[in-house]
């Protein structure tokens, strides 16, 4: 019986639901569950609901819902059943088996699902289906639609899981893992169980008892009102702050975390608030995120909580260049000018802020939009109880101020978006582009104030603003006309200016609107509070003449204020006139007379517009004013009505498309108002991030491409298709993004084009850190991280001439098509003339080598030949009647001859070939005849720089290794007496006719690393610290691999001012316990004890090597105690798995840098991508190895390469990419799995007032690394917690300590070590000898140091340093894990429920399970390989003996024959 239970647990077998019928739930209870994201899945066609049974899932009547029908989307795209306490799983080895519930961390079934347009989709494109009328299965054959029972929208996707970020604990702020197992129970939400203080907490891995990673959760009961125990209150301002200094999140993650706690990222409104924050974090050497950001591409810097930005304390190093990627703000309390900008993807601690008397920022003060009829003097414009006058004489700011004062007015102050709208209209009517406004600063730090003394309650900064001019005592502000945005301007410049003064307010009766209607501009508005369907509301009867249409952000803000006055329900909605009238997915305005009008502005909520065929309503709250698609027939809402102030006949105006042709080589088609240009990697210097690409387009006066309607998307798709090989996965940035934190998570176009269709599938809902979209040539958009680098497409209005940037090198209008460029000459000439012209342009007359190329050429010459013409191609007879050959020497592998034409062989003249623009067929003609022709080139004109010239292969001496065009010697002598310092290594290489190696690519780095397998001795390479940007051979450093990545020149911290600096030289690490494998770091050049790598140029003088005779890669390879098998066949990922199994292997898993490097070299030689065993079922959020291996090692191409599909391949540089599993690749890599060792350290950590992380048999607290304490104070703190200061006893422990504090980023510099340095030796204060030390570049000489020195560890360099014992720095506590401790809960508060009998029973059970597991393990080792987990990802390093690679796979036949 015990054996059966254990096997079921290990297999992750289907969970059995509780015996007996589950209690029925009332409709009210079901609706309550829905508020928590828990729903019932109903078949749309069969009207029955999915219920978890004892062994299978079935369809049952929905009339008596019970807990076994309740589902919830949880972490990793899992679907969790509340009653069955298990996750929906698909057995991939037998997909036809009915679906069941499994342990939620099972590795033997697929647990990941996606909801997409009423379908639930798993791996292999299997969707949830119904079999035999009520059995739930997964199949790829049919499509079954599912809806949410008793839900207004019926959308099963609306409750998709959103990460819940933790605070405190020991997880550095990482999100909760739901469900997580604690005390033998799966929790799908935060719990108070085990907490004496009743706080909500969660685990951040699936099993708390195994990993002990946890943190506190936001408390929903206190998020809305007040400041509970997790906030610190400023009694003077009644503002609360939350200091998350142990967390390490990206900006967007920190933004989400603050919102979940009912607050927002920190905004700083004045110097007093900044001083308060500085005082609170004064003891922490930490840089933190604030809410400052520049993520709205159409605006400037802003606070994420909407607070006006009028106080500034920028660091002098801040850059306002458009190409700089730092768009998120930080605060550093240790600096007087404390504000900096950072890359938003960096991970940092953060501070949240919450107002006690908080009012929703989007509920605008209604009075700002209320219409007041106002009377003014002649020449002054009335608006909202004030009078305004644009003075059309240019003056400096101070002159303008005094001029207004002289007319009893002031320079205009602007307090709302309503007033911005008025100013834009005023400037537009007067044809003025810019004006002074009354905002200025005369202080430092900068604090902008209105000249009339009114408070700054609103700001509207322009892109890259406010820019601060150094050494300026006064800063002044102007406003531009197009959007009313502000910018900081030199006060001595001259501009028009606007004066403002109070007017005479008239009665409400003079507004021009009927009673009950509100006026804005030339229209009157009213809310019909009766709930109606869209068809009734839009009929014109209840809302004459029509529902509201919204033209711009100003009208939207007015509508929002109007709604706020009547909203008293949580879920109130208001119909507007927007509808997908033709069910095409494109939304248009439905106006009076049932006519359609195009959309000029949109204001969608997150994940909207979700579907086609719907009608649009405005949300009344949370967030107010946002648009959502609703069912036109069944959904009921109030109505927003709109009518003109004066009845006037609407002018029917014909919309005229501009007919101006596109300038230069921009492209369009008839009927489109814009021109497009594709910037792909063949034509530009580099791929770029989204913001860099947008700035690149702006240099031309353009923006990243948008799609105003389906015709534009179709054109862009047609533009891409012929350019690139269809097997290529090309991705291009377009303007679609949701970067702006004030935009409620909705997507928008960077050029302001309205979003009139649903461009993203429901697949991507909930993934809120991929904020920018790329376009793929299969008409799909894919969200990616904005910091990843891609190609891009720009768009510009057809009648706007593109600007020519100074760096742009214009090329003739060559057309790119699949790795070649073509220049079409429609003017006729003889064949030899074109041979000369094409040659002069470094090209050849056209060659055609495929049907695709033929199709491309024919399409172009048809368009260029109005009446039909023949065009020369590059086939020519060498002599009369000779065989035709391509002039560029390439073989004739494709032909398309006209077989009807007579081919006489009696011609006296030399003939050349042509192609007909009518038929596309080829024929011959005398070369002297005049025809148009086409040039073709393979070497591209790069608009930013030209390419390098090719090199030649040669031979290498015996014992040296071939790599690319180099010979490499990897020398790690077995005898330590032959190890060398850097100078000796350099001289040795010189004597051999070479130099120390210059590593110039990732593949070369991998080649060297793979040849160091089994070594623990690092090797010298050709760099020195006095010129680390140039290799010893004189080449610039184009590739680098420093450890850590942002540190190049590490100083010697144990060197005093009296000692001369040590010259430093670069080593490549093959000892992962001190530096990560393959990484570079600096060491004392004179220190002996290292190997080295030499390089020299291959000898091409004797005879050139034909690389085609290099040894082919064998199908079976041995490396590093592993056996690999290479499968060469065109196959999908699934076929690759089966093929590996047929060869007695598994699709490869890669767990360390050595084996990754080996495979990188192999893939580089093979020349094409291969499948590996990594896959995902949740759009790239989490990945698993198909052989069950657990490893944290990754090698992605970039941060977004994991989001492109469900299955993974390695490219020819070894980097990993995900793609569609059904894609065909030319091969796969298999391996014969090795046995893994069982988990060896089951002990638990005791509970104290600080959190602990376990490694092997010790526990560590990293919560104190940001504290500042002397050595003695730190020692006493740890002692009170029943622990000691940190000691480092072996290499594995040192490796663990290198990795774990990386989560704190640059915030952690040094921590104390529990040791003393006496008589040139280190002694641990716990009495154990210090066998392990790491002084780095130089061991300290005590003669040069003051007394009372203590030992510290520098993070992240990992070296030891002497520091005065009284110095304040961070520290880490360490204690032994205790198997006798029974953990009742994480965090604060010791457990007092330890019962000796329970301890004894626990030991007996553990021993029984270990004995039984060992027995089963012996019976089936292959099965247990799949069960190996990663409870602790740090294992003792195996001391491999040096592996002698008898024949390196890159040695050529020539060397073998020497």
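Glycine is no exception: its Cβ is also placed from the backbone N, Cα and C atoms.
Per Swiss-Prot, the stretch carrying the note transmembrane segment among 1371-1393, 1394-1416 is 1394-1416. Feature annotation (Swiss-Prot): of 1425-1431, 1432-1438, 1439-1445, the stretch labelled motif 'Endocytosis signal' is 1432-1438. Of the candidates 431, 471, 1106, 1319, Swiss-Prot records N-linked glycosylation site for 431; the remaining residues carry no such annotation there, which does not rule it out for them. From 452, 582, 981, the position flagged in Swiss-Prot as N-linked glycosylation site is 452. In summary, of the candidate residues 91, 313, 1121, the record from Swiss-Prot lists N-linked glycosylation site for 91, whereas the others have no such entry there.
Residue annotated by Swiss-Prot as N-linked glycosylation site (from the set 408, 778, 1041): 408.
Its own atom aside, the Cβ of residue 1278 (disulfide bond) has 23 Cβ atoms within 10 angstroms in the protein chains shown.
Checking each of the disulfide-bonded residues 202, 328, 491, 794 against residue 408 (N-linked glycosylation site) by C-alpha distance, the shortest gap belongs to 491. Here the Cα atom of residue 404 (disulfide bond) is found 11 Å from that of residue 452 (N-linked glycosylation site).
For residue 632 (disulfide bond), the nearest neighbour among the recorded positions 452, 794, 1207, judged by Cα separation, is 794. Cβ contacts within 10 Å of residue 91 (N-linked glycosylation site), excluding its own Cβ and spanning all protein chains shown: 18. Taking the C-alpha atom of residue 1365 (disulfide bond) as reference, the shortest distance to any of the recorded positions 431, 697, 794 belongs to 697. As a summary of secondary structure, the domain 'Fibronectin type-II' (171-219) carries 4 helix, 15 strand, 30 coil according to DSSP. Neighbour count (other Cβ atoms within 10 Å of the Cβ, all protein chains): 25 for residue 697 (disulfide bond).
It is 27 Å from the Cα atom of residue 1085 (disulfide bond) to that of residue 1350 (disulfide bond).
In the three-state DSSP scheme, residue 1085 (disulfide bond) is classed as coil. Mean per-residue pLDDT, taken over the motif 'Endocytosis signal' (1432-1438), amounts to 31. It is 17 Å from the Cα atom of residue 491 (disulfide bond) to that of residue 452 (N-linked glycosylation site).
Taking all protein chains in view, 9 other C-beta atoms sit within 10 angstroms of the C-beta of residue 408 (N-linked glycosylation site).
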